[in-house]
Amino acid sequence: MLKPNVPMVKYITTWTNISLKSTALKTSILALFVSLVLFAFFDFTNNQFQFVQEYHEVNTFSFYLGVDGLSIYFVLLTTIIMPIALLSNWTSISHNLRSFLIIILLLETLLLCVFLVLDILLFYIFFESILPPLFILIGSFGSSNRVRASFYLFLYTLLGSLFLLLSIVTMSSIIGTTDFDALYKTNLNYYTQFFLFCGIFIAFAVKTPVIILNTWLLKAHVESPLSGSIILAGIVLKLSLYGILRLMLPLLPKACLNYTYIIYLIGVITIIYASISTLRTIDVKELIAYSSVSHAAVYLIGVFSNTIQGIEGGITLGLAHGFVSSGLFICVGGVLYDRSSTRLITYYRGMAQLMPLFSIVLFILCLGNCGVPLTLNFVGEFLSLYGAFQKSTILGVLASSSIIFSAAYTIYMFNRIAFAGSYSKFFNVNVPDLNKREFYILLTLVLFTLVLGIYPAPVLDGLHYSVTTLIYSPRMF
């Protein structure tokens with residue numbers, strides 16, 4: 001029996017892997033190009049759904065797709081983050097590569113469907129359909145405790161979304177339709193709004209996540225592969241933000257207005273708890289995950305302020321967090337972890353001596369995470385807190401503690417990584433700095449953060465008209 005030619009087999013396998021990755025990357029870039037075309041031709045003076053596609057009687061129901069002034073930005077965020085997620089694990093994942101690429105592209109498709117569907121029942125279906133791919137992604141490609149983390153993710157979010165399903169079924173039975181346009185023209189009585197508000201908010205509180213309900217996120221981030229962490233922080237956490245804008249504010253305005261103070265109290269407690277937890281953790285991925293919880297609480301406060309500035313700020317902060325958190329995960333979960341195989345921040349010191357270019361990029365991203373002026377995070381955080389002050393001065397002051405806390409834990413993290421004495425003996429003196437792939441990925445995220453921070457008009461001007469329709473006044477009814 002002839003023995004296989006080992007070098008030839010390795011060459012064919014390598015060539016096949018490169019071909020598969022290139023095809024997946026080109027597909028995600030094509031989706032980005034299409035979304036940019038939609039954005040270029042989008043009419044921001046029209047509050048109706050645009051580019052609507054109708055598919056009637058698909059499995060006995062109608063399928064509607066379209067975008068408006070709110071969803072177009074989430075579509076853009078998804079198509080920008082997905083190629084970056086693919087490139088982040090370009091060399092680190094080689095086993096079951098075909099399955100990994102299929103899962104990433106399937107996640108992109110399902111996430112885009114969440115932002116594009118114009119039916120509340122289909123919104124729930126696609127909202128939940130991202131769980132199986134994420135479960136497989138973390139369970140198959142994560143680190144040592146990946147199975148436990150994937151079950152936490154699946155069970156927490158599935159249980160929380162049960163309340164969303166019950167609310168949607170109730171709404172459908174009362175109104176007789178699940179179409180967004182028809183639902184927006186109805187006016188539910190106060191008690192119905194209260195019960196629907198409780199059910200929907202529980203689901204989105206798990207997805208945000210707020211205090212007590214954030215255990216799944218920390219485990220999922222820590223054990224997930226890098227691309228999974230990027231998708232979780234950059235896009236999946238924004239599903240709750242989008243759901244609030246799409247379901248709660250327009251459909252349940254009276255309940256949202258009356259129970260804003262409870263949400264503010266939950267948000268303030270979440271900010272303080274997550275920030276203090278961030279200061280004491282020594283796992284770098286867990287540190288950034290806690291940071292994500294804190295920022296999510298800020299934009300949660302912003303969108304419930306019932307002010308144009310607060311809602312625009314919440315959306316802007318959500319977009320900015322998608323860029324900055326993805327960059328931070330690439331820095332610590334990709335660049336440093338690939339070179340050291342450890343997540344303990346104790347081993348990261350003096351990196352400015354060994355990796356100066358990496359330290360500069362990390363510093364810019366840390367400034368964005370702090371909400372320093374001239375970054376998009378500053379615009380979003382400032383407007384969110386401005387809206388909070390207009391709603392409640394005391395809770396606005398407490399929520400503003402996020403500015404101090406974020407500066408404390410972010411700069412403390414940077415100092416422990418880049419400085420804090422000479423470099424650790426754990427690292428080789430010849431450890432390489434950023435390569436071209438890593439540099440261009442991080443440069444893309446830095447440019448979005450800085451350019452839109454200096455000139456945020458493309459985001460704020462586009463949001464303004466759609467956000468005005470979400471403002472509720474009791475005198476309107």
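Even glycines carry a Cβ here, placed using N, Cα and C.
Just so you know, TrEMBL annotations never went through curation; they're auto-generated.
Given the structure is predicted, the values throughout are model-derived calculations rather than measurements.
Residues or ranges marked as domain 'NADH:quinone oxidoreductase/Mrp antiporter transmembrane' by TrEMBL: 119-403.
Sequence annotations record features per position, and here TrEMBL assigns transmembrane segment to 24-42 (among others).
Same-chain neighbours of the transmembrane segment (62-87): 21, 24-25, 28-29, 31-32, 34-36, 38-39, 42, 44, 47-56, 101, 104, 107-108, 111-113, 115-119, 122, 179, 226-227, 230-231, 234-235, 238, 242, 245-246, 315, 319, 322, 326, 330, 437, 441, 444-445, 448, 459, 462-463, 465-467, counting only residues six or more beyond its ends whose CB sits under 8 Å from a CB of the stretch. Residues or ranges marked as transmembrane segment by TrEMBL: 62-87 (among others).
Below 8 angstroms of C-beta separation, residues 20-21, 23-24, 27-28, 31, 63-67, 71, 74-75, 78-79, 82, 85-86, 89, 93, 123, 126-127, 129-130, 133-134, 136-137, 140-141, 227, 231, 235-236, 239, 242 of the same chain, each at least six residues beyond the ends of the transmembrane segment (99-117), sit close to that stretch. Look at TrEMBL and you will find 99-117 (among others) tagged as transmembrane segment.
Within its own chain, the transmembrane segment (123-141) has Cβ neighbours under 8 Å at 93, 96, 99-100, 103-104, 106-107, 110-111, 113-114, 117, 147, 149-151, 153-154, 157-158, 161, 164-165, 168, 220, 223-225, 227-228, 231-232, 236, 239, 243, 246-247, counting only residues six or more beyond its boundaries. Per TrEMBL, the feature transmembrane segment maps to 123-141 (among others).
The transmembrane segment annotation in TrEMBL covers 153-174 (among others).
Summarising the annotation, TrEMBL assigns transmembrane segment to 194-218 (among others). Long-range neighbours of the transmembrane segment (194-218) within the same chain, counting only residues 6 or more positions beyond its ends whose Cβ lies under 8 Å from a Cβ of the stretch, are 152-153, 155-157, 159-164, 166-167, 170-171, 188, 232, 236-237, 239-241, 243-244, 247-248, 251-252, 255-256, 259, 263, 266-267, 269-270, 273-274, 286, 289-290, 292-293, 296-297, 300.
Taken from TrEMBL, the feature transmembrane segment applies to 230-249 (among others).
The transmembrane segment feature in TrEMBL is assigned to 261-280 (among others). Long-range neighbours of the transmembrane segment (261-280) within the same chain, counting only residues 6 or more positions beyond its ends whose Cβ lies under 8 Å from a Cβ of the stretch, are 201, 205, 210-211, 214, 287, 290-291, 293-294, 296-298, 300-301, 304, 388, 391-392, 395, 398-399, 401-402, 405-406, 408-409, 412.
Summarising the annotation, TrEMBL assigns transmembrane segment to 287-308 (among others). Outside the transmembrane segment (287-308) by six or more residues, the chain places 208-210, 214, 217-218, 221-222, 233, 237, 240-241, 244-245, 249, 256-257, 260, 263-264, 266-268, 270-271, 274-275, 277-278, 281, 314-315, 317-318, 321, 325, 328-329, 332-333, 345, 369, 377, 380-381, 383-388, 390-391, 395, 399, 402, 405-406, 409-410, 413, 464, 467-468, 471-472 with a CB less than 8 A from a CB of the stretch.
TrEMBL lists 314-337 (among others) with the feature transmembrane segment. Long-range contacts of the transmembrane segment (314-337) within the same chain: residues 70, 73, 77, 81, 84-85, 88, 92, 221, 226, 229-230, 233-235, 237-238, 241, 245, 284-285, 287-288, 291-292, 295-296, 298-303, 305, 343, 348, 351, 355, 358, 361-362, 365-366, 368-369, 375-377, 379-381, 383-384, 387, 417, 434, 438, 441-442, 445-446, 448-449, 452-453, 456, 459-460, 463, 467, each at least 6 residues beyond the stretch ends and with a Cβ under 8 Å from a Cβ of the stretch.
With a threshold of 8 Å between CB atoms, the same-chain residues lying at least 6 positions outside the transmembrane segment (394-418) that come near it are 261, 264-265, 267-268, 271-272, 275-276, 278-279, 284, 287, 290-291, 294-295, 297-298, 301, 332, 336, 345, 348-352, 359, 362-363, 366, 369-371, 381, 385, 388. Annotation comment: TrEMBL describes 394-418 (among others) as transmembrane segment.
TrEMBL lists 439-457 (among others) with the feature transmembrane segment.
Same-chain residues lying 6+ beyond the ends of the transmembrane segment (230-249) with a Cβ under 8 Å from its Cβ atoms: 70-71, 74, 77-78, 81-82, 84-85, 88, 104, 107, 111, 114-115, 120, 123, 127, 130, 134, 180, 197, 200-201, 203-205, 207-208, 217, 220-221, 224, 256, 288-289, 292, 296, 299-300, 303-304, 311, 314-315, 318, 321-323, 325-326, 329-330, 470, 472.
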